[in-house]
Amino acid sequence: MMLMDKNLKTILVAPIILAFANDFISSGYMLFHLIRKKYSIKKVLLGRNTLIIVAAALLGGPIGMSCYLIAIQYIGVGYAAAISASYPALGALMAFVFIKDKLSKMGVCGILLSVIATMLLGYSASTNSSFCWIGFTFALVCALSWGLEVIISSYGMKKSIPPYFAYFIRQVSASLGYLTLFVMIIPLDNIKECYAMTSKIMPHIFMISLITTVSYLYYYRAINIIGPVRAMGLNITYAVWAILLGWFLLSNQINFQLIILCCFIILGSFLTIISPEKSSKLLRYNK
């Protein structure tokens, strides 16, 4: 069985085009911000540590996303979402090994609780998925890539690259990575069709990209301030916000299982970021 058959290439086309458009527009927003603030862009782009962020961008962007989409093709969205949601736990392990970012026992319990609840949430979205080891491997590589992106970005920002520069480099690098995939996957005679498809939804892409830029910029600042492990523990709560916004804006149904899993994710994130010293002080104060 070929990993990149015609059917799989067709599935990859639309997400890669949208990911490229999103990251490319986002890099434009960041460029405007940096110019407006009169930052020395050339100095940072030509710096020795720029390649660190480039590597993180390629892992978290084109490599991670492609593996996720291929995993969906082989094992379905349920298994793929559940396995890839383990990236904070894998990231915490890699952070401990490579950059010595330690968590308390309470923090370890918290991140495991969040990850397990998120995996159950993702798996519950599809219970009819078939399982195969090829898909599992791609989903695992996706989780490793997303975890490594945060760890490597944190290391790069500790090497005197500010978060806003790191994010700008990330978006430019990811855009070029997606563009390379775009050229490799899409035949030249289909370029016009892809352009027509994308141009119809460009206003939506510009708005989504703006929201993504603000969100990811705060994520990078969080990585720099509180460390990669705690930032990932908070970032994984996106599953909760997606459910709540879907209920509020789209009138999606929420059942008891979703409510319980969302509570576990929030509780786990709280345990991840709170320090034992602060929690003991809080308990003494309440007494």
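Cβ atoms here come from the backbone N, Cα and C positions, even for glycine.
According to TrEMBL, the protein carries these features:
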TRANSMEM  12-32  transmembrane segment
DOMAIN    14-121  domain 'EamA'
TRANSMEM  52-71  transmembrane segment
TRANSMEM  77-99  transmembrane segment
TRANSMEM  106-125  transmembrane segment
TRANSMEM  131-152  transmembrane segment
DOMAIN    134-273  domain 'EamA'
TRANSMEM  164-186  transmembrane segment
TRANSMEM  201-220  transmembrane segment
TRANSMEM  232-250  transmembrane segment
TRANSMEM  256-274  transmembrane segment
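Beyond the ends of the transmembrane segment (52-71), by six or more residues, the same chain brings 3, 8, 11-12, 15-16, 19, 23, 79-80, 83-84, 135-136, 138-139, 141-142, 145-146, 148-150, 152-153, 155-156, 159, 161, 166, 169-174, 177-178, 180-181 to within a C-beta distance below 8 angstroms of the stretch. Touching of the transmembrane segment (131-152) and the transmembrane segment (77-99) is concluded from the presence of at least three CB pairs under 8 A, sequence neighbours closer than 6 excluded.
Sequence-distant contacts of the transmembrane segment (232-250) (same chain, six or more residues past either end, CB-CB distance under 8 Å): 85, 87-88, 91-92, 107, 110-111, 114-115, 118, 121-122, 147, 150, 219, 222, 258, 262, 265-266, 268-269, 272-273. By the Cβ criterion (distance under 8 Å, sequence gap of 6 or more), the transmembrane segment (256-274) is counted as touching the transmembrane segment (106-125), at least 3 such pairs being found. Most Cβ pairs within less than 8 Å of the transmembrane segment (164-186), among stretches 12-32, 77-99, 201-220, belong to 12-32.
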